[in-house]
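Over in TrEMBL, the protein carries these features:
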COMPBIAS  380-391  compositional bias 'Acidic residues'
REGION    377-396  region 'Disordered'
TRANSMEM  42-63  transmembrane segment
TRANSMEM  97-115  transmembrane segment
TRANSMEM  135-153  transmembrane segment
TRANSMEM  160-180  transmembrane segment
TRANSMEM  200-221  transmembrane segment
TRANSMEM  233-252  transmembrane segment
TRANSMEM  264-283  transmembrane segment
TRANSMEM  304-322  transmembrane segment
TRANSMEM  408-428  transmembrane segment
TRANSMEM  449-473  transmembrane segment
Amino acid sequence: MGAVLSFLALPALGGIGSILASCFSAAACSLACRSCNCNNSIATRVGYALIMLVNSLLAWVLLSDWASKRLENATHGYLQLNCKDASCYGNLGVQRIGFALALFHFILGALLIGVNDSRSKRAAIQNGWWGPKVVVWIALVVASFFIPTGFIMSYGNYTALIGAGFFILFGLILLVDFAHTWSESCISKWEQSDTNKWQFILIGSTSIMYLGAIILTGIMYGYFAGSGCGMNIFWITFNMILAIAVTVIGIMPSVQEANPRSGLAQSSMVVIYCAYLILSAVANEPDEGTNCNPLSKARGTRTTTVLMGAIFTFLAVAYSTSRAATQGGKATLQNGEYSALHSSENDVPLVSSAPGATSMRRSDALLAAVESGALPVSALDDDDDDDDDTNYDTKDDEKNGVQYNYTFFHLVFALAAMYISMVLTNWNTYKQPEGEEHLILIGQSWPAVWVKVVSSWICYGLYGFSLLAPVIFPDRFADY
């Protein structure tokens with residue numbers, strides 16, 4: 001594996017390639033999963049996240065002119081990532097590596113269609129076989145550099161662009177969902193607790209986020225809203241108006257009546273995130289001779305902005321992929337929660353035929369009985385006599401069914417790979433400062449700026465709809 005990575009990531013990176021390859025061997029992954037003292041499903045998701053992180057770092061390295069020249073020299077001019085006639089967008093190496101990871105997850109997703117039991121033979125593809133999977137991933141990365149340039153350009157201009165748009169929409173929906181979940185969780189724990197700890201946490205976090213949004217808005221007006229910066233002034237002012245609007249809507253009596261737990265806590269999280277998006281947008285405007293972005297000429301501040309943006313991007317991708325995938329379709333009872341089927345109190349489900357030892361295992365019969373309502377969910381925990389249980393680790397949280405939809409999980413990761421490719425190439429407008437071959441700027445282009453601005457508007461729209469929908473459509477949101 002080290003040799004393969006050496007060929008791809010240049011001779012100077014051969015040692016790093018060998019280390020990365022060995023870290024992802026079957027033994028290393030198994031040891032890491034067992035030593036992290038976490039459930040198997042979580043360890044699996046961490047493994048895929050690490051692969052995405054390495055893939056993203058490799059793509060980021062290939063953005064530099066130094067890496068492009070080294071790769072061309074290593075292949076005697078066969079692989080050329082940059083087009084001298086300016087007919088190519090960005091750096092094709094990023095799109096090639098992103099395509100390889102997206103294809104990797106599409107293949108895994110297709111192989112895992114219909115798997116809803118971790119005891120299925122195909123479930124081993126998701127939770128095991130790390131050595132072969134890493135080999136396949138590396139092979140796809142290498143093979144992507146031999147794909148015709150025209151195909152990669154079409155992929156980056158259309159497929160990756162659309163996929164990245166869907167991923168942004170996923171992320172914004174999840175942010176609104178997280179805002180509601182966080183607030184409702186704090187309120188529930190506050191109501192169930194004898195102390196005021198959760199009350200202080202809820203009020204304190206809400207106050208801090210609103211204060212942070214006010215500070216960010218003040219910074220934007222102070223540094224990015226000078227004379228001749230009408231566009232920046234409009235973005236900042238419009239964002240402030242939307243922030244006030246969703247705050248007022250969240251505490252309206254009609255909204256409170258439809259959802260008593262809505263309020264300032266959810267609004268504060270949305271407001272500070274959207275304020276960050278606008279600040280990130282104005283701070284990454286290209287330098288076009290104006291004084292609207294003072295950070296564009298400050299190399300130290302600019303480098304800090306790039307690093308913070310990259311870290312935030314990877315964190316957002318990690319949370320979005322994990323949260324979206326696990327919420328995409330759960331096919332199991334979990335956390336001891338039992339939801340009875342709609343039936344009268346005196347109805348008792350009957351079992352028409354007894355399962356035989358050869359046709360159905362005892363655990364399968366118990367699971368079917370629990371799902372039908374004949375037995376409580378605790379019966380699954382009392383099944384200590386089942387011989388099959390000895391084959392499962394105590395950390396196996398998928399013994400009675402998968403914790404998330406495997407296929408949807410890989411679909412989200414594939415979209416995330418497309419999104420990262422678009423971020424690294426500045427949405428197909430990659431530009432490197434003259435005389436700074438080792439500095440790679442992320443996000444300093446007008447398409448990247450507009451993506452952030454429009455994302456903030458969509459986020460406000462989604463959150464506003466989540467507040468008003470129960471009021472406008474009370475029948476559809478009766479259980480909201």
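Even glycines carry a Cβ here, placed using N, Cα and C.
Please treat TrEMBL annotations as automatic predictions, because they have not gone through curation.
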Exercise. Counting only pairs at least 6 apart in sequence, do the transmembrane segment (200-221) and the transmembrane segment (408-428) share 3+ Cβ pairs under 8 Å?
Worked result: no
For this session: For the transmembrane segment (264-283) and the transmembrane segment (97-115), check the count of CB pairs under 8 Å (sequence separation 6 or more) and say whether it reaches 3 or more.
Result: no
Problem set entry | Stretch in 42-63, 135-153, 160-180, 408-428, 449-473 most in contact with the transmembrane segment (97-115), if contact is a CB pair under 8 A | 408-428
For this session: Can you tell me which of 135-153, 160-180, 408-428 gets the most C-beta pairs within less than 8 Å of the transmembrane segment (449-473)?
Result: 160-180
Exercise. Residues of the same chain, at least six outside the transmembrane segment (160-180), with any C-beta under 8 angstroms of its C-beta?
Worked result: 95, 98-99, 102, 262, 265-267, 269-270, 273, 316, 319-320, 323-324, 327, 412, 414-416, 418-419, 421-423, 427-428, 451, 455, 458-459, 462-463, 466
